[in-house]
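Below is one structure; the comments refer to it alone.
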């Protein structure tokens, strides 16, 4: 995984599938959303196949792998079932994430430092089939250093604490935490991505952090698309982050 010379936008389409699964219909189609996102300037498409299959389904992943013109960033938990599925479909990019059944969304970063042997085995297993692996972690030096030790070429820093911060002081502290994590990750030789909870009113400060390779954004795009359409929502976000990163 190489570091891009410009900031990239990864569009997460999970919540298009959430809307579909709410009624068990065939619409809206997350695959169509992915193709529209690509046309609007998305640099990649992110999907999370959860253990409980609450949104994205196996069929979505298989279709996306066949039709995407950019690339698929496949998010998955570190389970035997998901590792076996990944070995079957061989996505080029995989992001390992923590997962619990009761959570509304991914609530924190993967504890790499607390389970190095398990994560290292998964990274090595996926690397053998040609997958470039990133780890979704908190912006914490201990976790970043552990990610380097287990052999992951990339990390995605969890920006949820920044997104949830309420006061100006808290926002500044959490933004600095992300910036410090980016700098430490780069010093370790890692490609550094970021995401979670980012939207049109808070993304620019993160995009302006030097060294971030890609921002992965989903819920805010799907929500804004209700009013402006999906292509317009993606194009607007892409313009925001590119301008902020200059």
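Here, residue 1 is simply the first one shown, and the rest follow in order.
For all residues, glycine too, the Cβ spot is worked out from N, Cα and C.
Quick caveat, the model's predicted, so the values are computed rather than measured.
Neighbours of residue 197 (3-amino-2-oxopropyl phosphate binding site), defined as other CB atoms within 10 A of its CB across all chains, total 19. According to DSSP, residue 197 (3-amino-2-oxopropyl phosphate binding site) is assigned to coil rather than to any helix or strand. Feature annotation from Swiss-Prot assigns 3-amino-2-oxopropyl phosphate binding site to 12, 23, 197, 218, 219.
Positions annotated as 1-deoxy-D-xylulose 5-phosphate binding site by Swiss-Prot: 14, 15, 50, 55, 105. Look at residue 15 (1-deoxy-D-xylulose 5-phosphate binding site): DSSP puts it in a helix. Cβ contacts within 10 Å of residue 15 (1-deoxy-D-xylulose 5-phosphate binding site), excluding its own Cβ and spanning all protein chains shown: 21.
Among the features that Swiss-Prot reports, active site, proton acceptor is placed at 48 (among others), with the record citing sequence analysis. Under the DSSP three-state reduction, residue 48 (active site, proton acceptor) is assigned to strand. Counting Cβ atoms from all protein chains shown, residue 48 (active site, proton acceptor) has 24 others lying within 10 Å of its own Cβ.
Its own atom aside, the Cβ of residue 75 (active site, proton acceptor) has 25 Cβ atoms within 10 angstroms in the protein chains shown. According to Swiss-Prot, the feature active site, proton acceptor maps to 75 (among others), an assignment based on sequence analysis.
Marked as site 'Transition state stabilizer' by Swiss-Prot on the basis of sequence analysis: 156. In three-state terms derived from DSSP, residue 156 (site 'Transition state stabilizer') belongs to an extended strand segment. In the shown protein chains, 30 other C-beta atoms lie within 10 A of the C-beta of residue 156 (site 'Transition state stabilizer').
Counted within 10 Å of its Cβ, the other Cβ atoms near residue 196 (active site, proton donor) come to 26, all protein chains included. Feature annotation from Swiss-Prot assigns active site, proton donor to 196.
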For residue 219 (3-amino-2-oxopropyl phosphate binding site), the three-state class that DSSP assigns: helix
Subset of recorded positions (23, 156, 196, 219) lying within 10 A of residue 14 (1-deoxy-D-xylulose 5-phosphate binding site), CA to CA, in sequence order: 219
DSSP three-state assignment (helix, strand or coil) for residue 75 (active site, proton acceptor): strand
Separation of alpha carbons, residue 23 (3-amino-2-oxopropyl phosphate binding site) and residue 55 (1-deoxy-D-xylulose 5-phosphate binding site) (Å): 11
Mapped DSSP class for residue 55 (1-deoxy-D-xylulose 5-phosphate binding site), helix or strand or coil: coil
